[in-house]
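Q: Once you've had a glance at the structure underneath, I'll fire off some questions.
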Amino acid sequence: MINALRGMKDTLSPENEVYEYIIKTCTRIAQNYGFTLIETPILEETALFKRSVGESSDIVGKEMYQFTDKGGNDVCLRPEGTAGVVRAFIQQKYDKAGGTKRFFYHGPMFRYERPQKGRLRQFHQFGVESFGEADVREDATIILMLKAMFEALGIKYSLEINSLGCPACMPHYRSQLVRFLDSLEGLCEDCERRKLTNPIRVLDCKNEHCKMLLADAPLIVENLCVTCKEDFSTLKAILDQFDIQYSVNPKLVRGLDYYSKTAFEFVSSEIGAQSAIAGGGRYDRLVEFLEGKATPAIGFAMGIERLMDLVKMPEKTREGYYIGALCDEALPQVYTLVNSKRHEAKVLSSYEAKSLKNHLKIADKNDVKYCVCIGEDELSCGKIWIKDLESKEEKSIAIEEF
Ligand code: HAM
């Protein structure tokens, strides 16, 4: 027997109803904020992710589903959505056109990680990317939108924010951090490597000994330039104004290299070790880095599988019809009726004649609102029997009336 690959899974009803509900809810809210759907290919050139997510990141360094295709191209399954959206933004020449563009997307992402609860090799994200707006109020709006999504889904969260500075303050801070790191002895192998490739990633090392060594590390929030400092204060003031609880985590650096200024993560305490349910931030230099015209940008993505156990689903409402035949003679009429009624509503049926009791049982199990039956009596006088499964009211009506 052939099974799905490790870290990949099939989703079927009723799990899929939760998935669909998340997508529908987030889509509606994203549209209210002026975002429109974008779809980009699942397969992209490997170079796109090397240059955006960064060669020092675990995603590019260790986790890519990368291969050479039949034409000899170095390609990989997308590990995240931002890079593809930025590529499409530049390819459509939106960078040259100027103005703002706001997109949302959802779909599968692939990372060759060690599978565990909340961590899959094929998982799904819902994400948004906003281009052309440098105003920090856009950062706040993006966080407000995410808050609205989690509230609509009935999900509790805590929010951590940080500022990663800009080209004016980050390099200076980085040299200060490297000097501090050089003075330490006993950092883990990963940190020694990151010290050379992307030293700020050392700050979120999970190794307990490294954490202890880094207790007194210089922090970026204490070394921001005037503009970054002001923007970070404005962001916090807006979050306060809208009653959004947050904590500043000066060691929140995110696992992707493209961020600058605002970085944030929404975390749930109810799903175990893989607790990040959404993450994002500003990436003002990425468009230019991928050879587009410099364009400020910010976005986030949430991990749909991590949300699925947390969602409070609305109460199920009964919907549509179940139409059944009580005798073989009624089967042709039922078949015709079912297929004409499907133009306007959800209609379920059976190709076999059954007893009224059996039809009612199936109708009930499938959460339809009405059970309709046709038997010998109904056939002879051109009627149908119909029961409202909510109000329990039942009656016979002329077929034309139905
Ligand atoms: P990320 O933090 O790598 O950011 O992923 C976003 C979310 O995807 C995480 O918070 C988590 O919920 C989910 N996720 C990540 N890896 C897995 C996995 N292996 N299994 C299940 N869920 C997972 C990004 O991907 C950025 N592109 C977000 C962004 C958009 N930044 C700016 N714009």
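These residue numbers are counts, starting from 1, taken along the chain as shown.
A Cβ is built for glycine as well, from the same backbone N, Cα and C atoms used for every other residue.
Caution: TrEMBL annotation is automatic and unverified by curators.
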Q: Going by TrEMBL, Glu80, Gly81, Thr82, Gln125, Glu129, Arg254, Tyr258, Tyr259 bind L-histidine; tell me which of Arg111, Arg174, Arg179 is listed for that site too.
A: Arg111
Q: Over the span of the domain 'Aminoacyl-transfer RNA synthetases class-II family profile' (1-332), how high is the average pLDDT in this prediction?
A: 96
Q: Can you count the other CB atoms that lie within 10 A of the CB of Gln125 (L-histidine binding site)?
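A: The answer is 20.
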Q: Just checking a number: largest C-alpha distance across Glu80, Gly81, Thr82, Arg111, Gln125, Glu129, Arg254, Tyr258, Tyr259 for the L-histidine site, rounded to a whole Å.
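A: Greatest Cα-Cα span of the listed binding residues: 21 Å.
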Q: Which of the three DSSP-derived classes (helix, strand, coil) applies to Gln125 (L-histidine binding site)?
A: strand
Q: Output, ordered by sequence, the same-chain residues six or more apart from Arg254 (L-histidine binding site) with a CB under 8 Å from its CB, or 'none'.
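A: In sequence order, Leu164, Ala263, Glu265, Gly279, Gly281 meet the Cβ cut-off.
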